[in-house]
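Sharing a structure, written as structure tokens. Questions coming.
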Amino acid sequence: MTANTIYSDKTNPPEDFYLWHLVELGLLAVVIDGMETRAEGATSPVGAPAAAHEADQDGKRIAYVPTPLWERAAKAAEERKKNGRTPVTVALIDTGVDTGHPNLERNCIEQVDFGPDVNGVTYSPPTAALDALRRCHEAGEYGADWAELARRALDEVFDLYGRQGVDAQGAIFASFELQKIGPTGAPPDKGLVEKLLGLPKAPVTQARPNDGQINEIRDMLAGLDLTDIPDRYQMAVVMTERDRLVADMRPATELKLPDPSRYFGSHGTACAGLVAGHPPADVDPVTPGPIPYFGVNPFCKIRSYATPYSHELLPVIRALIAAYVSKAEVIYIPRGLPDPAARAEMVEISGNGTRIDRPLVTAPDEVFVQDKDQALLSRLMAQKAIFEALLKMISSKRLVILAAGNDGLANDLSYPARLINEDGFGNLVVVGARNRSGRFAAYTNGDGDGLKDKIFWMLSDDGEALDQRHYSIDRRGFYGTDFDYDTIAPGRDNTFNPWSLLSLDVRGSYGRAATPGPEEPVGGKGTELSEIYTLFSGTSAASALVAGLASLAILLDKVRADKPDPASLRDYIRQHHYTHVGGTS
């Protein structure tokens, strides 16, 4: 057995493996009896995942090992590093992620929040207790309350947990040692203090646009093709909005605060985990801790751009610009966006609405032009035009991956995925969901004859539905036992499949698992494993797998990052990972 094999304490059949989707995608192989942890002829390059799981089943040894394809990816990542090339990167535009999650801390290299400020905010946790403890240590003078100061310093270490270089296992050890010491009176343990002060390293420098990049952004905005706007007045509003965007461009602001995405970014954390999850740098087999979790491409890096779930499009525009300027090979947007035009159409029918839905300005107005109000329909429509022009341009130069949406609409998609039906957006990679049986998930958009061959299809979970198109009922669930569905739907095949994808979560009541634990970020004191992992679903999960596979294909030089070709990516996935990626396969 290899030294870093992790053993299971219970017996599971191969299909019950917690990373079953990696087996289905050809990234992990099942080896039964007679083979230890490696497939025949496999090598062990630096960075390659070791055997992820082993168990005895009916007297046979079952091992889950990396396939040769994953081995080649590990070698390719090492070669890039040796040659001075940056890792393949996925830019994630969503809620933000918990950068301190033990299965993400090594692979999430940047996070900028465009919610508080459209130019972005980065966060640097305060370190007052660490600084005070360091001064005491340097002076050799400790007060009677040194242990309490050390405990507060340890809290700050956990706030820094998401920064590269923080020793996670060392922090857990220090926490255990501090619990043995009384709050006052005990003599200072200088060795423990030195250990504690050595835990946090210099925070990762957040990449913020420099003057050259800002000029590049301004030139990009100035060169956008906005000729599709027919209305002269609306064109004037769009040009004004674009000019204001250019004029207001500046670097992100740094705040001395903990990153709120570590508490609230559950959706982004789950998406990032499926793309680039990785076991912690040092796994202690004795101390209870994070599981050996892997994303589809544990060799890639994540740049996270947090955006608010609101009516605003301007933060998403800035996030899209930042993602493009970062040179990320893949831009991944699992979230849907508000479509102000669609809202306005609904208001025309209902006769109700607010200034978000109804134009209050009918002629050029200097007061309006200077107004900071982001809730006016005219400005939202202008921002939509800018966003779509940017998306069209960027998708011609980078792989852009979108989720199809979970509304159960056969011949429609969520926005902006529905842009794939318009001229100039043919390079968008839109992803719908299939269940583990290969059937279209009951909730997925785009499975009608008019769309299903245009978009990609990928593994996810399933939903319950009973209508003309679906008979998908969990017969073991609450509703599944209430009715005789064989009478209601005679002769129909129940397509429901109960399997979901395991991914990462933020702890506390705002996580997807919604545990009632204390509102502390992952890695804090008393972290329960059940709080930091969750079952994840929907077209967001499906598109996360495609984003990871796209980055893997780029790493292996199977597709080009600078010339997006969805057909080539689809062929690569069909050949190496998932035969049901097409609409009719």
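Cβ atoms here come from the backbone N, Cα and C positions, even for glycine.
Pasting the feature list from TrEMBL:
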DOMAIN    88-554  domain 'Peptidase S8/S53'
ACT_SITE  Asp94  active site, charge relay system
ACT_SITE  His267  active site, charge relay system
ACT_SITE  Ser540  active site, charge relay system
Between the Cα atoms of His267 (active site, charge relay system) and Asp94 (active site, charge relay system), what distance do you get, rounded to the nearest Å?
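His267 (active site, charge relay system) and Asp94 (active site, charge relay system) have their Cα atoms 8 Å apart.
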The domain 'Peptidase S8/S53' (88-554): mean pLDDT?
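Across the domain 'Peptidase S8/S53' (88-554), the average pLDDT comes out at 79.
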Which of these active-site residues has the least crowded Cβ, counting other Cβ atoms within 10 Å: Asp94, His267, Ser540?
His267
In angstrom units, rounded to an integer, how far apart are the Cα atoms of Ser540 (active site, charge relay system) and Asp94 (active site, charge relay system)?
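Pair distance, Cα basis, whole Å: 10 Å.
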